[in-house]
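For reference, TrEMBL has these:
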type    : residues                                                   : note
DOMAIN  : 10-156                                                     : domain 'Alcohol dehydrogenase iron-type/glycerol dehydrogenase GldA'
BINDING : Gly96, Ser97, Ala98, Ile99, Asp100, Thr127, Leu129, Tyr133 : NAD(+) binding site
BINDING : Asp123, Asp173, His256, His273                             : glycerol binding site
Amino acid sequence: MARTKLFRAPLKYVQGKDALLSFYEETKDLGTSYLFICSNSGYKSCQENLKKSFENSACTLRFEIFGGISSNGEINKMREIVQADNIEVVVGIGGGSAIDTAKATAFYEKRPVVIIPTVCATDAPCTGLSVIYNDDGSFDTYLFYPRNPEAVIVDTRIIANAPAKFLVAGMGDALGTYFEARACVRTDAPSLENGGITLSAMALCELCYKTLLKCGSQAKQACENHLVTPAFEAIVEANTYLSGVGADNGGLAVAHSVYNGFTALSECEKTMHGSLVAFGTITQLVIENAPKEEIKEVMDFCHSVGLPLTLEEVGVTDVSRVRIAAEKACIPGETIHNMVGDVTPEQLYDALLAADLLGRQYLAL
Ligand SMILES: [Zn+2]
């Protein structure tokens, strides 16, 4: 019998230039005392307009600069602040780690959480889960929540002022969404929310991929010049909402396991999540023996926005190290096991090297 279908999303999604000026308006029903867990740059870019939006309110605001990774140590620190200050609303401002820490803090303290992404580099804002890391920065586990954030508020002026490499990485993360969901549908594997995959989720995943193809390179160009154009707005929505909600309800497969696997390699420490997901997507297509035209379309896209096509571009120069990543990518519980016929570390190793060959061939043309 097929799995019961399930679809979840943030209660509210707000996106626009200077959207932070309406932050209070959009969240005032949630409480009156706010803790803002901010990345360093997130604090700088957001606090002024946030304070402005609260100008005529009686709310109390506490800003905490967060410098670390989303580890249990950091989460516990924030929980203590929530308890000591009687915080009613937790807000995460920044990239993946500040957001994941805010979501975990809110979950453990049973508070609503609002997310303000300051870069569009990952699926973190809209999903109902956090990625938890060990203190050494390697992947530990996914932490699943009973619901998605109460609100996600994206100020596109802030995203356009962030380095374009984040937007590009976000497109890499978004690139996996459709192909990973498609793989899960084929095996009736569960989504990240542990439900069957709805038509609605697949529609978002497909739109995500189409939007990347249509607007990706124009959006990158806009971001490099700090311009908010319709193509840029479309990619912000694709990276944040379509990819986040799509992955949450569509499930993951090879591409994200490849990322998790490569977190075991110190030489990939600086490689962004989305870059590895993009390379992992091509690897997944190799494993699926996907039509040549499809692989070419994906590689053309990656090349057009500057996503990696080779192992060297994700930071690996010693190919023997790929076996370590392949082993880690295939540990029990990894989403790679959602594939038809499953995948062994040996098969993944071969597919990674085959993807690398395709990439090197492509770049030599
Ligand atoms: Zn991701």
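Any Cβ shown, glycine's included, is placed from N, Cα and C.
Distribution of TrEMBL features across the structure.
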residue: Gly96; record: NAD(+) binding site; contacts (Cβ under 8 Å, 6+ apart): Ser70, Ala121, Thr122, Ala124, Val131, His273
residue: Ser97; record: NAD(+) binding site; contacts (Cβ under 8 Å, 6+ apart): Ser39, Phe66, Gly68, Ile69, Ser70, Tyr133
residue: Ala98; record: NAD(+) binding site; contacts (Cβ under 8 Å, 6+ apart): Ile37, Cys38, Ser39, Gly42, Phe66, Ser70, Gly92
residue: Asp123; record: glycerol binding site; contacts (Cβ under 8 Å, 6+ apart): Asp173, Ala174, Thr177, Ser243, Gly244, Ala247, Asp248
residue: Thr127; record: NAD(+) binding site; contacts (Cβ under 8 Å, 6+ apart): Asn148, Leu192, Gly244, Val245, Ala247, Asp248
residue: Leu129; record: NAD(+) binding site; contacts (Cβ under 8 Å, 6+ apart): Lys103, Tyr142, Leu143, Phe144, Tyr145, Leu192, Asp248
residue: His256; record: glycerol binding site; contacts (Cβ under 8 Å, 6+ apart): Gly176, Glu180, Val277, Gly280, Thr335
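Ligand 1 lies within reach of Asp173 from the binding-site residues Gly96, Ser97, Ala98, Asp100, Leu129, Asp173, judged by a C-beta closer than 6 angstroms to any of its atoms. Summarised by DSSP class, the composition of the domain 'Alcohol dehydrogenase iron-type/glycerol dehydrogenase GldA' (10-156) is 54 helix, 46 strand, 47 coil. Sequence-distant contacts of Ile99 (NAD(+) binding site), defined as residues of its own chain at least six apart whose C-beta falls under 8 angstroms from its C-beta, comprise Gly92, Ile115, Pro117, Ala124, Pro125, Ser130.
Averaged across the domain 'Alcohol dehydrogenase iron-type/glycerol dehydrogenase GldA' (10-156), pLDDT for the predicted model comes to 94.
When the Cα positions of Gly96, Ser97, Ala98, Ile99, Asp100, Thr127, Leu129, Tyr133 are compared pair by pair, the longest gap among these NAD(+)-binding residues is 17 Å. Among the residues the record lists as binding glycerol, namely Asp123, Asp173, His256, His273, the two farthest apart have Cα atoms separated by 11 Å. Other residues of the same chain near the NAD(+) site, with their Cβ within 8 Å of the Cβ centroid of Gly96, Ser97, Ala98, Ile99, Asp100, Thr127, Leu129, Tyr133, are Ser70, Gly92, Gly95, Thr101, Lys103, Thr122, Ala124, Ser130, Val131. Each of Thr122, Gly172, Gly176, Ser243, Ala247, Ala255, Tyr259, Gly274, Val277 belongs to the same chain as Asp123, Asp173, His256, His273, is absent from that list, and has a C-beta within 8 angstroms of the C-beta centroid marking the glycerol site. Within 10 Å of the C-beta of His273 (glycerol binding site) there are 23 other C-beta atoms, taking all protein chains into account. The Cβ of Asp100 (NAD(+) binding site) lies under 8 Å from the Cβ of Ser70, Gly92, Ala124, Ser130, Val131, Ile132, each of which sits 6+ residues away along the same chain.
In terms of local Cβ density within 10 Å, Asp173 ranks first among the binding-site residues Tyr133, Asp173. His273 (glycerol binding site) carries a helical DSSP state (H, G or I).
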